[in-house]
Every structure is written in C-alpha cells, then in structure tokens.
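Engineer: Let me give you the structure first, and then I'll get to my questions.
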Amino acid sequence: MAAQKRAAAAKAAKSAASTGTSITRAAAVQARVQAAAANAIRTIVAAVTAVVTSTPIVTIVSAVLAVVLLIIALLAFFAPASAAACSATSGGRIDPTKVPTTSISGYGHEQLVNAAYIIQAAQDKGLNVRDQTIGVMTAMGESSLRVLDYGDAVGPDSRGLFQQRDNWGPLSERMDPYISAGKFFDAMVRNVPDPERQTLAPTLVAHRTQINADPYHYERFWTPATAVVAALSGLDSDLISGGGSCNNVPGIPGEIGLDGWARPGSGPINGGFGPREVIQTPQGPTQPFHYGLDLEAGGCGGPVWAARDGEVTRVFDGGGGGMIIEIDHGKGLMTWYVHSYANEISVTAGQKVKAGQQIALTGSSGYSTGCHLHFEVHLNGTAIDPLPILTAAGLTY
C-alpha cells in the first residue's frame with residue numbers, strides 16, 4: 001500500500017503553490033463580518049427610533065422585542081465566521097499526491113510526501129495543527145521522514161517512519177506512512193490526553209509516546225517540522241504552535257496597565273525573582289539566583305507581549321536562556337523575554353514596538369523544563385524584580 005501511495009504521489013506531483021495563509025487575511029475577514037453585523041444593528045435601531053415617535057406603546061414594545069431577537073440571531077449567524085477566523089490553525093486539507101517537487105528545510109520530495117501522509121492521518125482523526133506538527137517532528141527524529149526497513153542496536157525490529165517495533169503491529173502496517181502515523185497519533189492521544197498535550201513541550205509529548213531514552217531528543221526538529229507543515233498545509237508557520245486558540249493568534253494585544261506598562265504574559269507565576277534551588281535541565285543546571293519572573297504565558301504557543309513602548313535592540317541566542325528578545329525603553333530601562341523558539345519570534349532588531357504588542361510565542365528553548373516566559377527587567381544594567389513594577393501598574397497575577 002505504501003509503495004502504491006508513493007508511486008501515485010510521484011506521478012501526480014507537480015509544482016504547486018504552498019504559500020502560507022497569513023493571519024491578517026483571517027483577521028480581515030473577521031473584521032468585515034463584525035462591521036457588517038454592527039451596520040445591520042445600527043440600521044435596525046435607527047428604524048425603531050423613527051417608529052417610536054409616532055407609534056402606540058404596545059407596538060413599540062413589540063418592536064423592541066423583535067429587535068432584541070434579531071440582534072441575537074445576527075450574533076449567532078456571524079459567530080461561525082469569527083470562529084473560523086480564530087481557528088486558522090486547523091490547516092488546509094492535505095493531499096499527499098499533490099506535494100510539489102521541492103525541498104523544505106532540507107527535506108526532499110519523498111520525505112515531504114511522507115510528511116503529508118502524517119498530516120493527513122492526524123487530520124482524519126480530527127487533530128489540530130500542533131498535533132500534526134508533533135507527528136512530523138517525531139518522524140524527523142526517528143527516521144528523517146524516510147520509511148526505514150531496518151532498526152538499530154536498541155530496537156533491531158524497529159521499522160518505518162516512526163521506528164515502531166513488533167508490538168506496534170504487523171510489518172506491512174508499520175511500513176505504511178499513513179497507517180503507521182495513525183498508530184502514532186492513537187498512542188499520543190492515549191498517553192498524553194488533552195488539555196495537557198496542548199501545553200506540554202512538543203518534545204515531551206513525543207517522548208511520552210515513543211519512550212525515547214532522551215526526552216529532549218526531538219526538540220531540535222520542532223523548527224523544521226513547523227516549516228514543513230506550514231508549507232504543505234498552506235499555513236503561516238507562526239500559527240502552528242497555537243493549536244487553534246484565538247489567544248495565540250499573532251496581533252492580539254495584551255492588557256495595558258498604569259504608567260505605560262503592559263502584561264508581558266498571562267499567569268500564573270511559576271517562579272519568582274531571587275535565590276532558588278538549582279534546577280537540572282537537559283541542557284545543564286540553572287543558576288542559583290533567578291533574575292526574572294517565570295510566567296506560564298499560555299503554555300506552548302501562548303502570546304508574549306511587549307511590556308512597554310520601546311525599540312527591539314537584540315534578538316539573540318543567550319545560551320542557557322535560549323532565545324532572548326531585548327527591548328530598550330529609554331532612560332536605562334530594558335526588558336528581556338526569554339525561552340521563545342527562534343521561528344516563533346515576530347520582531348527583529350531595530351523594530352519599534354508598543355506596549356501590549358505581541359512579539360513572540362511562548363516556548364521552551366535553552367535551560368528549560370517546559371514552555372513558559374522568563375521575563376526580566378533591567379535598570380541601568382542591573383536586573384530588578386519585575387513583580388512589584390507590574391503590581392504597581394495594576395497588572396496582578
């Protein structure tokens with residue numbers, strides 16, 4: 001069956017458009033829908049106002065009730081369009097036979113066809129784009145997206161895209177990209193159910209499904225997996241980590257507090273400023289002093305917002321901290337936003353930002369044991385506790 005699918009893919013493969021669908025398009029649709037609803041409601045209210053001046057009270061009451069019911073109906077009618085705009089990360093329907101003859105993130109046509117079968121298997125099970133990407137990431141880490149007919153020293157009977165052993169099923173099924181992917185997703189849903197799966201680091205989801213010796217083995221494949229899924233599904237790669245939640249759509253503004261401060265990420269607080277026990281991470285031990293505030297920030301793919309107006313001075317790999325966004329707010333005040341993945345940062349050095357503007361998605365790069373935002377405030381080069389500042393601005397956690 002796998003050979004037939006690949007043959008069909010090779011025969012049908014042509015140069016196809018795989019550009020992403022931008023979030024601005026979805027937002028524009030939503031805005032037009034909301035504007036239409038608002039205009040309709042204003043027209044109705046104006047008509048009723050005209051009637052009120054020359055109509056008996058019974059007729060007026062009846063008209064008001066009719067308006068209320070009509071407004072409810074309008075809201076119900078337009079809600080699906082808004083929801084569709086918010087759920088842009090559901091992804092376009094995949095067709096493995098139409099994968100273009102191209103290369104994405106170093107993966108060639110045969111590998112991309114296999115990725116398409118993984119995405120298709122997840123879509124057929126009703127799984128969102130984040131789950132689909134976890135599947136592609138896992139296969140990258142197991143087989144480089146190739147249907148391997150050999151195992152290794154640890155699992156000599158391992159076969160296929162996901163290097164599944166005999167206990168996963170017959171060899172013919174493990175060698176079939178679509179069927180083996182379906183088996184992986186069934187195990188993933190069983191071992192890491194929602195809602196936990198949507199906030200757990202992708203590499204840990206894969207580990208709990210595959211039981212790999214290294215829980216962070218798959219982490220380096222997340223970035224190319226997002227690029228592959230985005231291209232094949234016709235998505236903007238910035239949308240993938242959100243898994244379909246409107247709160248994760250780039251451009252949604254954060255909460256603005258007093259004195260120009262904004263909430264950098266949602267709560268709860270997972271770690272405060274000051275001395276702490278050393279934490280062992282796969283990348284190494286953390287420092288005994290915590291120089292910032294750890295916020296859950298919506299978990300993996302949650303929004304990260306600029307805490308004040310300013311200019312992005314650096315976006316860099318801080319080693320232990322992973323990727324860091326540095327914003328200069330003037331007068332010696334700077335803020336850091338740490339642990340986002342490089343491909344999920346939406347600002348660049350030299351860019352002006354406003355308080356509450358979304359600048360990244362929550363990640364787990366660097367010395368981290370799970371997705372969160374590490375937020376720092378520096379005054380004249382010295383890190384200070386961010387919590388009293390945010391609290392004074394009315395931004396409590």
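Backbone N, Cα and C atoms are what each Cβ position is placed from, and that goes for glycine too.
Pasting the relevant annotations from TrEMBL:
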type: DOMAIN; residues: 289-386; note: domain 'M23ase beta-sheet core'
type: TRANSMEM; residues: 57-79; note: transmembrane segment
Engineer: If you average per-residue pLDDT over the domain 'M23ase beta-sheet core' (289-386), what number do you get?
Structural biologist: 90
Engineer: Looking only at the domain 'M23ase beta-sheet core' (289-386), how are its residues distributed among DSSP helix, strand and coil?
Structural biologist: 7 helix, 51 strand, 40 coil
